[in-house]
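Q: Annotations for this protein, taken from TrEMBL, read as follows:
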type: TRANSMEM; residues: 16-38; note: transmembrane segment
type: TRANSMEM; residues: 44-64; note: transmembrane segment
type: TRANSMEM; residues: 94-112; note: transmembrane segment
type: TRANSMEM; residues: 212-229; note: transmembrane segment
type: TRANSMEM; residues: 236-254; note: transmembrane segment
type: TRANSMEM; residues: 260-281; note: transmembrane segment
type: TRANSMEM; residues: 288-307; note: transmembrane segment
Amino acid sequence: MNTVLSSPHAIGARSVGNVMGLVLIALVPATLAGFWRFGWPSVYLWLVTILACVATEVLCVRLRGLSAGKAVFDGSAVLTGWLLAMSLPPWAPWWIGVVGGVFAVAITKHLFGGLGQNLFNPAMAARVMLLISFPVEMTQWLLPTPDALPGALDALAITFGAGAPDAMSSASLLGHIKAEATKGVLLDQSLPGHYSATAFGMGERQGSLGETSALLLLAGGIFLVIKGVIGLRIPLAFLAGVVVPAAIASAVAPDHYLGPVAHLLSGGVMLAAFFIATDYVTSASTPLGQWIFGLGCGLLTWIIRTWGAYPEGIAFAIMLMNATAPLIDQYTRPRIFGRKRDGRSLNPAETVKARAR
């Protein structure tokens with residue numbers, strides 16, 4: 001009996017486990033910074049989310065008659081859980097991580113055939129599902145207070161009990177601006193006291209576990225580029241897709257549109273540009289296609305942030321572009337010498353012209 005396998009999405013000497021390991025290493029600095037800022041509840045949520053993803057992975061591969069050990073040690077389930085945890089409110093209840101982890105692995109990944117065959121990024125699909133299904137739990141943001149965090153035992157009551165106290169929850173910058181804009185309040189009135197480029201760059205702001213420290217995420221992304229795990233096309237295109245329209249809109253109407261630096265430092269732009277949009281499986285693979293894919297992710301992020309119903313649009317933007325990635329690859333694949341882009345052979349006269357070009 002023949003076994004049908006999907007073609008590789010990346011060709012090279014590195015194994016899947018090696019690539020996943022390097023990505024996890026790149027995430028460590030920003031993750032540790034998040035633990036320090038948000039305390040033990042964020043550690044517990046991170047652990048629960050990863051364990052949920054790994055347990056679901058083992059169950060799914062066993063049901064499919066595959067090797068559970070190989071599936072676990074390739075690191076893909078750990079990375080999915082890690083990225084999902086990085087995109088959650090740090091004091092969210094434990095069941096948010098479990099529901100999200102099960103959905104990410106069982107529905108988004110294995111329902112499509114498993115590793116290398118999923119259409120959507122599992123972590124982003126799970127985040128969208130959680131945001132739509134549990135909007136209250138998914139929008140409880142905390143201002144980092146390292147000096148006033150609960151101890152390990154008290155944190156258990158937060159993660160596995162009643163959750164974060166309402167008095168400690170507040171809106172993120174993007175949520176605050178959108179809420180004020182619906183009241184007709186302009187940026188020059190709503191922004192002061194809620195935004196500082198220096199503070200946001202260092203992670204001193206409300207947000208999910210992994211999106212607070214933009215500089216550490218940037219450092220991790222540069223590490224991946226140096227190691228050759230990711231290229232620069234998608235990250236640069238993603239950042240340009242956010243920065244260019246934000247700069248134009250802010251220059252035209254500064255009282256209505258947030259500036260490009262604030263967009264880069266708020267939300268999960270850095271996390272998405274270097275760690276999520278660059279996913280081998282769900283992104284475009286041709287050189288031109290990667291530029292288009294990244295630009296689309298960034299532009300849609302800015303559009304949803306500016307005019308959408310949700311303050312943050314990254315997960316929606318990436319999923320929309322995931323759906324278009326096969327079509328982008330189809331129309332941007334390099335032409336083979338002697339053949340047209342659709343694969344048909346050139347006649348001799350056309351071959352001479354192609355060689356002359």
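Cβ atoms here come from the backbone N, Cα and C positions, even for glycine.
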Q: So if I exclude everything within five residues of the ends of the transmembrane segment (16-38), which remaining residues of that chain have a CB under 8 angstroms from its CBs? That is, six or more out.
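A: Counting only partners 6 or more residues beyond its ends, the transmembrane segment (16-38) has Cβ contacts under 8 Å with 10, 46, 73-76, 78-79, 82-83, 86, 90-91, 115, 142, 144-146, 149, 203-204, 209-210, 212-213, 216-217, 219-221, 223-224, 227, 229, 271, 274-275, 280.
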Q: Output the single range from 212-229, 236-254, 260-281 maximising the number of Cβ pairs under 8 Å to the transmembrane segment (288-307).
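A: Answer, by Cβ pair count: 236-254.
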Q: What parts of the chain pack near the transmembrane segment (236-254), using Cβ distances under 8 Å and only residues at least 6 beyond its ends?
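A: Here the qualifying positions are 187-188, 260, 263-264, 269, 272-273, 277, 290-303, 306.
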